[in-house]
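Q: Dumping the structure here so I can ask a few things about it.
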Amino acid sequence: MSLKSERRGIHVDQSELLCKKGCGYYGNPAWQGFCSKCWREEYHKARQRQIQEDWELAERLQREEEEAFASSQSSQGAQSLTFSKFEEKKTNEKTRKVTTVKKFFSASSRAGSKKEIQEAKAPSPSINRQTSIETDRVTKEFIDFLKTFHKTGQEVYKQTKMFLEAMPYKRDLSIEEQSECTQDFYQNVAERMQTRGKVPPEKVEKIMDQIEKHIMTRLYKFVFCPETTDDEKKDLAIQKRIRALHWVTPQMLCVPVNEEIPEVSDMVVKAITDIIEMDSKRVPRDKLACITRCSKHIFNAIKITKNEPASADDFLPTLIYIVLKGNPPRLQSNIQYITRFCNPSRLMTGEDGYYFTNLCCAVAFIEKLDAQSLNLSQEDFDRYMSGQTSPRKQESESWPPEACLGVKQMYKNLDLLSQLNERQERIMNEAKKLEKDLIDWTDGIAKEVQDIVEKYPLEIKPPNQPLAAIDSENVENDKLPPPLQPQVYAG
């Protein structure tokens, strides 16, 4: 997969992300550019060719040995009887060895050896009882999920149980062969549900996700970064490579992200967190989910910076920058684990497959990164790699202090503190003003109440002259009109 470095940044033709056989699915560097389906076909063909070539070589060597032995027998007919008996004994031993090897590969021998392996490797009841809490939880969730599918769920559970019981006896196989067994299991279960169970595709996908979660939670510690592979060696190599490239700046990669914008800076931190969190997950689908979340944070950061949707040419350089800045633990082991044991349909299509393929491209670019990729001279690249100097140091010497990333962040924080101080002083002044207004308002209300009380007292004073009773003698009653004049009755 060719990676091009141009003035506007790193560019990868989107067609190069697809399977090189032209089937339309996403390819993978671990599969030599093929998709999962085409890679398995090519792998089987290559394996059959290798077996045929090995068989032909063995037959040719056997014929040459027999011819050489026959020739030596005819030329040494005059030798002593003792030597002839010695040769005869040697031939008998060789024949016996060949017979033993043939018996070993016979059906009865395979059955016997399998029985011995089962007796030797069958897990004891005590080991079965020592299951982790997470495994028990996942198993319970898996059973509860399958209950909703009735007969299909029972069949799926039966097949899954048989697969898990058979895997411990395959640990002597190479990790590629164990991966092939797992991929065959995925394919057989999915095909059986579609053909026999007539299960809709969307439900098949959900069931396959639960199957993957169930079996890989149980097999994780046996198949992730096994000792028989060089995964750990590759992890150390890529970590060392990333540490050596600590001097690479976003400008060299033409990363369209401005980390001075707070929202963008937050997105970058979240993207790094997600790519690092990938190592803590057990299920391939969960690891892919971390890659997908990381990629979406990258797209959001680019969108905020450019005020427009991000393109694929913007995404890949930024993903490379995130990987360099985060240096995720056991990166190669996680990529290999996903490649070997993830449901292949998830890697061949969809956003998960697209983002995973881009991550593989980013790692491949980092491994092959050179001076031309960064638009640098070979001399500068060598000096940066050797640690003699750093572009960040040169920038700090030639630029004003506020241009350095660390100093710039410090000034930014000081500016924020200054703004907070101004806001606090403004709030304090407003609070004091409010307090004074409340005091003035209280005094004003008290004065108004006092004035009203003085003007309209609450206590009613008795009148200076007594009030005239209606039946009392009043000289002024005569002045009233006749209807209103009081009448006096003698009691």
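Note: Cβ is positioned from N, Cα and C throughout, glycine not excepted.
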Q: Quick one: sort out which of 197-238, 407-448, 449-490 is the coiled coil according to Swiss-Prot.
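A: The listed stretch tagged coiled coil in Swiss-Prot is 407-448.
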Q: Quick check on the annotations: Swiss-Prot lists region 'Disordered' for one of 66-85, 126-145, 146-165, 326-345. Which range is it?
A: 66-85
Q: May I ask you to indicate which of 13-47, 363-397 is given in Swiss-Prot as zinc finger?
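A: The listed stretch tagged zinc finger in Swiss-Prot is 13-47.
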Q: Please list the DSSP helix, strand and coil residue counts for the domain 'VPS9' (232-375).
A: 112 helix, 0 strand, 32 coil
Q: I'm checking region-level scores; what's the whole-number mean pLDDT for the coiled coil (407-448)?
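A: The answer is 90, the mean pLDDT of the model over that range.
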